[in-house]
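J.: Can you keep this structure in mind? I'll have questions shortly.
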Amino acid sequence: MPARQGHALSPIPPADSAAPVHEESSQALKPFQSSISIGVQTTVESQELEVVLQKLALAVEDTSAINQKNGISEVKEARDRLQEALAEGRAMSLSKDQLAAAERQRRRIHNLYQDLKGHLRIYCREMESLKVDGNILEVTLTGDTYEFDGIFDTSSSQEDIFDSSCDLAQSALDGHNVTVFCYGITGAGKTYTMYGAPEADGLAQRMISELFRKVDMNDEKVTISGSMMELYNNHLVDLLRPIDWQGRQNPPLSMKLDKSGNVQVEGLAKERASEEHELQAIFQRGLEQRAVAAHAMNAESSRSHVLFTVYLTKEDSDRTSKLHFCDLGGCERLKKTEVEKDQDRKLEAIEINKSLSALGDVIEAIARKKKYIPYRNHKLTQLLQDALGGTAKALMYVNCSPSSATIRETANALKLANRAKNVVNLASEPCSPTSRGRGPD
């Protein structure tokens, strides 16, 4: 019986045969050859997947004993190894369950690295009244010496400053509340360090970019929003809402603690941002409404505390972490500002000094592990109640003035900074703040 036309029944010639292969035969072989190719590729991918899984398991096992007794370089090496293994796992599209153990270990060691790294940086310009030797700073007028986690001189760039704190973006994504402070006398460069200038982005803008970079890199499912407010003469002002000529708003903002101990500001505008440029725009719009007042020390001095906050809520979590950028008002004596005859400016200076004193008292109480923490002594410390102490992270940049005439104010700022350095965090796993130290309602 003759074969049906179109079927390749002719034998396949040997490889060294010169006999031509019929077109029909060639077409019939293609699906078979293709299936062999796919089978080989799948095998190779399976082998690569197994290697990545083994690398993850080995990284978890080898870093399980890492703790506070290890040196900071060892801790950093362990963290970097886990991050590298996780990045390879994500590139291979491993599931969350397959990455879970390594991710938990990475979070623990990253948090440990932050604790060992320290929470205080000093931004200092060279001046006759301060001597710097490595991380040791001496106030020549008083003879006091301080050792800080980092000292930056006039040759340091904005990028150098940011590099010392960029890891805090990961801490915020891991669920910790994080606060970055800029503190010091008026005119020392606090606002420049925090918010930068048109030609040089500050910490806030760079941290926003870092947040979105990490979200994209790790394929995080996270909702991001931002708010900005200022505390002026003990009044809260929402910088994303219209402000009247007196700097007031209706209805006014008010604070409360929820059942979990998280600070909630009722009436505060929080705007969603799906892209980096959207959050940068929210930030810039808030800056445009900042209240500034001229006085003898600095014609552009802010007479308020400004708090820009980024809120992060992961898809698989019901907890929102906060990343605060707190540009504190300048600390100085009234005589230095020459505002005794200007009642409004005088009240501003008094209120700023009162709030900074309250912040110092809270830091002191946390550092000494007191049972009662005086958060309620001022609105500034009430605002930051869930971001100071506990498992929260706080980093402070103290800006030192180049003027020898203000050395006493600089010395006072360094004393508070030294107290802040003694704050020790609790357990590494992020948790909701408690009402510890709140005082009576």
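Every residue gets a Cβ built from N, Cα and C, even glycine.
Annotations in TrEMBL come from automatic prediction, not curation.
Just lifted these from TrEMBL, have a look:
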REGION    1-26  region 'Disordered'
DOMAIN    119-423  domain 'Kinesin motor'
BINDING   Gly184, Ile185, Thr186, Gly187, Ala188, Gly189, Lys190, Thr191  ATP binding site
J.: Check the domain 'Kinesin motor' (119-423) for me and report the mean pLDDT.
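T.: Summing pLDDT over the domain 'Kinesin motor' (119-423) and dividing by its length gives 83.
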J.: So how many other Cβ atoms are close to Gly187 (ATP binding site), meaning within 10 Å of its Cβ?
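T.: The Cβ of Gly187 (ATP binding site) has 19 Cβ neighbours within 10 Å.
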J.: Looking only at Cβ atoms, how many others are within 10 Å of the one on Lys190 (ATP binding site)?
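T.: A count of 26.
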